[in-house]
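Shown next, in structure tokens, is the structure this report addresses.
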Amino acid sequence: MGLRLSLYLGFLVSTLLVRLLWDLRFAPSWLYAALVLLVVGLGLWTMRGSPALVWVGGLVTLAGLGVGYFNAVASLIALAGLFISYHGWRNHLSEKDQAAFWGWVFVWPALALLVFWQVLPAFYAVWLSLLDRFNFLGPSRFAGLGNYEILLRDPLFWKAMGNTFWFVAFTVPIGIGLAALIAILLNERVRFQGLFRTLYFLPYITALTAAAAVWDWIYNPEFGFLNYLLGTQGLDWLNRPEGIFSLLLAPLGFQLQGFFAGPSLAFVAIMVMTIWHFLGYQIVVLLAGLQNIPREYYEAAELDGASWWQQQWLITWPLLSPATFFLFTLGLIGAFQVFTQVLILTPTGGVLQDTLTVTLYLYNKGFRDSDFSYASAIAVVVFGVILILTLIQQRVLERRVNYET
Amino acid sequence: MRRSSPLGRFLIYLVLTVGAVVMAFPFYWMLATSLKSPQEAQQARPIWIPERLKASNWRVAWSLGAEAGSSWWGGFGPQQSVTLKLYAPPGPVPQVMVPSPPGAFSDPRSEQTRVQVSYQGDHWAIRFTNPSSEHFRTLPAVILISKEYPSYTPELPPDAIRSSGDDWRLEYVNVAPGLLGYIFHNYLEAWYAAPFARYFFNSFFTAGLQVLGGLFLAVLAAFALARIPFPGKSWVFGLILATLMIPGEVLLIPNYVLLARLEWIDTYYALIVPWLASVFGIFLLRQFYLSLPQDLFDAARIDGASYWTQMFRIALPLSIPGLITYGIFTFLGAYNALLWPLIVTNSPEMRTVQLGLQVFIGEAGSDYGALMAASTVSILPIILGYFIAQKQFIQGVARSGIK
């Protein structure tokens, strides 16, 4: 009975979802009709030998589905019928069957929203990426893998991917390293720990838009504070497309080109700002990890004559690995989502698109060039890349993570 | 106990302090710039304490404001007059005029203002009179004073001093500022230049509903997943787990298309509904409910409590810390978001604070004072919230990292 009830409930909700999709021209009307027939069949099977009230509810549900054929919102009447039926069943249902009913009733609202706004759209993105220039301006036709073909030869896409690579390579180790240093020092039972923690944490809860506006002002070529501090009057940090490695190594006579020239100075400026923004979060996570390490370990090490540095390297660092692993994963995924600070600091994507990131490129393609298909192709490729990276990371790195303390 | 030498302690504090200064500096810089006049902001050598923060100027601003109508917020009332003193030895008569707006943002100002300049013992008294029956928010003024003067001291320091031929050009953004109007001039400029009140309403309304709706949905689902045995539970949980893998940027385009077909673009629905159900919230709360002892629920069941009662009377009160964590995170995410509001809204009435700020950045140009003022205001609610619920913020972040 519990299973039948769950199926009845599940198909009823699915039917209503399909009704909505039909309204939005995503599902054909016959699918709704077919599902209604299925629900009716399931209903008859479930309600066999039930009290009269159950059947009344069933009729209301049927009426709701019928009216729903003409009006999507009215189809919700069917849900009222369901609860009437349950009222009739209530005293005849076993504990287990009641659990089946209420479990699904509780789960369905969130589940329906997740399916409608996350699961189906993910598949829809794949479908869109197979079309030719889908947008609201005109009809589009099936283009197969055409978008992906163009994408793989698109220098701007590779520029964005390269920037993402540099973003991970710079911000993740530097961020985690700095955060570990600060967290370990904060954990040394310092005074004003709360004050320090607040000061380090505030940038993280500050909106990136406002934070980027401030950094834009700090980076200002004429009146910026950074140029005053470094004595580099007039240096326009955010408009310098030269790679950082080529800038650093040029005095030594090395000439680096392309990818190996490293991220542009402008992108480095953006990364510095991002590290500043994210550091507080990393510190708090690492601090929580540190406080989980039992003090006895250090006491034992102390007795064995281990120095402070040895204690940090041999006890703290390995036992902190779950937290650092988590931060690494987060940094990796987050690098593909960098958008706000780039848009504020370099609204056009920088000189020669040198600060282009994947999400900014996706935004430009989708919402400035109105090419939803190409933008979807970017999204799908990014999805794939993230998936592969996460898998590799779990296979290779997670083995070295020390979960037991 | 770990040993710690005095030198070691010193180094620890040194590193922590230097780091904290670097972290806090942008905030100081934002705040300081927001209180500066444009000329103060645009100095090659930074000015650490703006004129607008000096108490001696406050007194003058207060009395000037009081003369013109309001000692707190200033403004140039109808039929009012205000006198600015310019201490100087006798010399050529300074020229005074009410200019067209100097900043990026224009505001109606008194065109017919009468100006009388007279010498009174040791100073020039510059008297502005508003003959109209209108109230003006600001009274900008420009004073041209000959370079022949060996020295001169205006009562209120001008917002900019420029060289103009044989004269010094003293520019005031507001001669009738009032105390708060003087200190927070840039804030008022920003506030009047863009509908920030509307932006704040939009942000709080959409973020608040997202939190409330999201909490309700997450509590329901998490409770069922943790505490109710129903067929297909593992299947549902697997689906939710899989949803976790979908990165946000994949959903931008398809969700935009969905919203367009629902005709929800540029509505509050677009800002709220797509992110209502949160996998993060469901996970977090499920974890909470799993950690509660089963006996509690068994006892309630024996007493005849329905699942509904169990959830609201037992599980919900016990999971308040988790709810607060989730609420803070959702609110932060919604309030600080830029990309999504940028995509799904078009009209100024639907902008959130962050989107409004982004547009403002484009409009403000080089008026960094107003821009920093707007930035400060935009982060203020979150900073205040942090100081009120500091523990929950920190614990929430720490908790998100451990599991």
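Every residue, even glycine, has its Cβ placed from backbone N, Cα and C.
Bear in mind that TrEMBL entries carry predicted annotations, made automatically and left uncurated.
Of all ranges given (B:169-190, B:235-256), TrEMBL attaches the label transmembrane segment to B:235-256. Proximity of distant same-chain residues to the transmembrane segment (B:199-223), defined by a Cβ-Cβ separation under 8 Å and at least 6 residues beyond the stretch ends, is recorded for 240, 268, 271-272, 275-278, 281-286, 288-289, 307, 310-311, 315-316, 319, 323, 326-327, 330-331, 334-335, 349-357, 381. By number of Cβ pairs under 8 Å, the transmembrane segment (B:368-389) is matched best by B:12-31 from the list B:12-31, B:235-256, B:268-285. Only residues 6 or more beyond the boundaries of the transmembrane segment (B:235-256), in the same chain, are considered here, and those with a CB under 8 A from a CB of the stretch are 221, 225, 265, 274, 279, 282-283, 339-340, 343-344.
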